[in-house]
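Asker: After the structure tokens below, expect a handful of questions from me.
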Amino acid sequence: MTKFSCCLIVVVLTLLSLSSAVTIDSRFPLSRDGVRKEVVKYNEQEWNQLRSRLDLSRIPFAFDEDSWEYGASTKEVVALIKFWRESYSWKDTVNMLNTQREQYSAVVEDMKIHFEMWRPKSGLALTKVVPLFFFHGWPGSFLECGKVASLLTQEKSSPRLQYVVFCPSLPGYGLSDAPSKPFSIPDIARVMNTLAHEVLGLDRYVVQGGDWGSMVAWKMAEAEPSRVAGIHVNFFGQGPPPTLSATIAAGIGTMLGKDSWLLALGTKCMKETAAAVEEGKKIILSETGYMHIQATKPNTVAFGLNDSPAGLLAYIFEKMHAWSHHDGDVYKRFRPREIIDNVMIYWTQQNIGSSMRLYKDYLSNVVVGEKRNKVDVPFAGAVFPGELVRPPKCWAEYDFDVKKWTLMPSGGHFAAMEEPGLLADDIHAFVVDHVQLSSPKKQAKKHATVEL
């Protein structure tokens, strides 16, 4: 055997060992039973009615129109209403979604589940194909994933590694149907695992999420650890570990603060827990009023938001301003059109009520002190400085097999929109170093065919 032949065999075996079992070609996913093309609809009459409603907006009195201290800035909301009414085109956005981004849907548990799919421009056989699911949260939508999905499929993909990114609308959000009964995070995780495996035929896949999306990713891996090859999140909502030391540290942080002398002999995790809890207490008092409303009486506020486009804009825009990482100029993070695009998804689908109902469905079933099982799936966390919750690594280590933990230099709650490059780089590094799509027993036998 020649030296060249040996090298060729090594290369082929290496490529085979990196591959997944999924076969994706130009017909996918329509080649799968039950998947159909989804078309985002534009209704001229609906658009004209919306503009009339905006003309009739009743702006509340504010003695300081520039201030965000009492909630949404009157001056900024009025300016966005003017932009929405005079300069924004929903028809252009609908055309973009239908011609530049692939929209699909499938029925799972009697609900239409919408998802967007991003594929690389070209591919080769014997390549590692990484199916990655990107899950949004509230008050976001599937639109959030566009920049990161584009970076992963166009810039990070190579002949040896290709990303295929799926961006579903959670049930009750975006273009998906709303559940007809109480539906919590474990239910959504079950639906998404069904979509991935039974509908799309994927044996192994990576999950990524922020906000509710991170919780969905967690529960998907907990339910199907043999199918979820990796978890990447940019939000961690589990809280401190239910251990005695963490409980003591959390109590000290809440009552006395992170600088209490009682922590002098504590472990690093105890000191970090006290600091995180002390900071979290401030956030709870200043930024979680919305959560208490949505976790108790979501339908009441939904009447106003579903009926008033100005009210819906103010409610969502205030969160985008408060939860993003900026120096006071929110437009350094989001273009006006991006803000209105997201609001229009909620307005046209009339699902602000069903989106908020998830808070009540989930938080009503949370059991304090409930046992948390460690998920034996490779895990990565990206902590952005403008995020509401910035937990220490030791919290995640209690629940997950943490392979990567990144403290980001910039960005906030809407990381995929604010810092898509940083997020895409972190996902890619995690996948390359820690994700194995094929099981060890089957690695040498599987390969992917990609004709994209």
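Using the three backbone atoms N, Cα and C, a Cβ is placed for every residue, glycine included.
So TrEMBL lists the following for this protein:
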type	residues	note
SIGNAL	1-21	signal peptide
DOMAIN	39-144	domain 'Epoxide hydrolase N-terminal'
ACT_SITE	Asp211	active site, nucleophile
ACT_SITE	Tyr359	active site, proton donor
ACT_SITE	His413	active site, proton acceptor
Asker: Least buried of the active-site residues Asp211, Tyr359, His413, going by other Cβ atoms within 10 Å?
Answerer: Tyr359
Asker: Give me the DSSP three-state residue breakdown of the domain 'Epoxide hydrolase N-terminal' (39-144), ordered helix, strand, coil.
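Answerer: Helix, strand and coil residues of the domain 'Epoxide hydrolase N-terminal' (39-144) number 38 helix, 23 strand, 45 coil.
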Asker: Expressed to the nearest Å, what is the distance separating the residue listed as 'active site, proton donor' and Asp211 (active site, nucleophile) at their Cα atoms?
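Answerer: The residue listed as 'active site, proton donor' to Asp211 (active site, nucleophile), Cα-Cα distance: 12 Å.
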